[in-house]
Structure formats: structure tokens, C-alpha cells
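For 197-209, 286-302, the entry in Swiss-Prot reads compositional bias 'Low complexity'. Annotated compositional bias 'Acidic residues' per Swiss-Prot: 245-256, in sequence order. If you look up Swiss-Prot, you'll see 70-102 marked as domain 'LisH'. The phosphothreonine annotation in Swiss-Prot covers T143. Per Swiss-Prot, phosphoserine is recorded for S152, S156, S160, S202, S301, S326. The phosphotyrosine annotation in Swiss-Prot covers Y337. Residues or ranges marked as region 'Disordered' in Swiss-Prot: 143-311, 328-357.
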Amino acid sequence: MAATAAAVVAEEDTELRYLLVQTLENSGVLNRIKAELRAAVFLALEEQEKVENKTPLVNESLKKFLNTKDGRLVASLVAEFLQFFNLDFTLAVFQPETSTFQGLEGRENLARDLGIIEAEGTVGGPLLLEVIRRCQQKEKALTSGEGALDLSDVHSPPKSPEGKTGAHTPPSKIPRYKGQGNKKTSGQQPGAKKASNDASHSDTSISSSEPKSRSGLHLLAHETKIGSLLSNNSLDVNAKAGPGPEEDDLEGDSFFDDPIPKPEAAYGWRSEPSKQAGSLASLSDAPPLKSGLSSLAGAPSLKESESKRGNTVLKDLKLVNDKIGSLGLGTGEEDDYVDDFNSTSHRSEKSELSIGEEIEEDLSVEMDDVNTSDKLDDLTQDLTVSQLSDVADYLEDVA
């Protein structure tokens, strides 16, 4: 009977299960449950594939650092710090990220590697704190040692290579005596004076060698002579000046303390009161001109009356003609001295007029020029023809 009862219950359960499935299927609940289960299974499978194929996070710089001895030592110090204060959660994150589950040294090994002796003072803190204390003590010792060295360097005088202390001698502010430079400057002065004297003597010889008996020279010749005197004067001044000394040599040079030499000594010229200022011979010994025609102030002025000048000129012409005729100078073939002052220096042909007529023509031209230029009377003075000297009518240099 028991077997029949069990068989009846099993049939009832099957019928009930069938009835339940049919009811749930008709209501749509069974299909929804199947879909949710199916989706959950697919999601679980996909997530499993992602976890398996996921690349682990690797820090290359940290990996290279931990491969060194110092890197492992630093990681061990940090891990020992976390273990000392029981920071388990932080340590649980630190070890996976750094991949240091193995290979880190304990406290005893770290103390031995760092040379730290475990004492009462060091047990109360992590090893990282002791390392920092020792670094600070070393820095203080170095700074105190450098300060002592700096003070010794400042207070101790510098030593020579032989070991002796050398005294520091400040630079002297007294200028050096330049005696040799002054000697050179003083040695150049006689040479400059000698050159100026030679130039002045050459000017005198050149002027004295010119013919003195010819009183009818052209105005162009007179201007050429004045230009040569001006050029010679500039040469004399330049030769006397010489090279300028330096500022250092000017202070102790005795040349600038001497008085200025007189014109007689500097230019070799001395005025002769016996000769008249208006004669032709006085032009040869005249001093070098300084500026323009201002040195001709000693000549007779041009403001005399025309009648007096005309009488004087006529008398001079008569005397010159008489002397030339007595000496027989007007007959031979002679050079025209006016051409000597020209650049071509050609020989002039024999003139049909006599020398006296040429002089008269020159004088007439000069008189006309003087009369037409009254505004330049103060600046220009005529020295071409003047009254002849009573001492000698004709002068000639004797070699």
C-alpha cells in the first residue's frame, strides 16, 4: 500500500509541476525568467574573458628603481615604516602596486645594512627617522667645519710657495720718474734750433743772391718773393716746434721754463738802421712775414702826394739810366729777370726798348694799379721801387 501511495504522490507532483509550468508559461513569467537567466550567463562569461585578457598595470620607472640595491632599500624602509605603525590597509595597497610581496628586508637586516645599532633611542621609532637624524647631524658638522676654514683663511695672511707669509704691499700712488723721456725731449731741442737757424741762413743767402741793381722788377716777382718768404716762415716754425711731447713729459721739462728767444736768435735776422726801409737791398734781409703783408709796415706809405712821388720816381729813373749807360749794361744780350720768376723760365728775346723804358712802363702800370685800389692802402705797400741808397749805387755779391 505504501508503494501505491508513493506512486500516487509522484503522479500528483508531476501533474502539479506540469500545471505550474503551463500556468507560468501562459502568463509570460517563465519566459522572462529564462531570458534574465540567459543574459546573466552571457554577461558572466564576457566579464570572465576581460579579466583573463587584461594586462597587469606595470610602472616601468618604479620597476627599474626597485631592481637596484638602493631602490630595494628605500622600499624596505617605507614598508618598515608602515609595519611599525600597523598601517595594514596602506600596506595592502602598497605591496600590490609595487609588486613587493617578496624581496623586502626586515628591520634587523635594514639596521645592519645602514650601520644603525639598535639602542633604546632607536627602538622607539622607525628606521627612517634615524636615517634622517644622521643626515642632519652630518650637515651640521660640515657647515661648522667650513665656517672654521673660512675664518682661518680670512685672518691668516697668504703664504708663499716656500711657506713664508708674504706681506701685502698696496700699490704705490707716487708716479714714476720719467727721466729718460725728458732727456730725449731736451736732446731734440738743439737739433730743432739748429734746423731753424740753417733754414733762416738759407733764406738770407737766397735773398742776397738776387740781383740788387734791377729796380724795375714786375709786381708778380715781388708777390712770388713774398710767397716764398711765407713758406719758409712756416717751415721754420714747424722745424722749431718739432714733435709735441706727451702730457707726462710736459711737467718736468725745463724747455718750457726757458724764456722765449728773440727774433734775432731764432731766425738769424738783425735789423740794420744804416739801410733805408725803402731800398731794394733791405728786402733781402727782411724778416719772414708772419701774416699777410703786415710785416711791410716799415715801408713808406702810399698816401703821399702824387706830385712828390712823381718827382722822386723821375729822379730815380734818371740815376738808373745814367748808371746803366756808364757801365754799358744795356748793350749786351742779357736775360729778362722777370722770366726767371715764371714757371717756364724761357729766354726772352732782345727788346727794342731800353731798360729805362721798361722800368718806366712797369712804374706807370703800378701807379695806375695803386690809384685804382685805394681801399687796400692799409694792407698793401709798394716796395718794388724806392729811393736809391746814398751808400752804394750798385751792389753785387762776390763769391
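Each residue, glycine too, has its Cβ placed from N, Cα and C.
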Distance, S326 (phosphoserine) to T143 (phosphothreonine) (CA atoms, angstrom): 121
Confidence summary (mean pLDDT) of the domain 'LisH' (70-102): 91
For the domain 'LisH' (70-102), the number of residues DSSP places in helix, strand and coil: 26 helix, 0 strand, 7 coil
Cβ neighbours within the same chain of S326 (phosphoserine) - under 8 Å, at least six residues apart: none
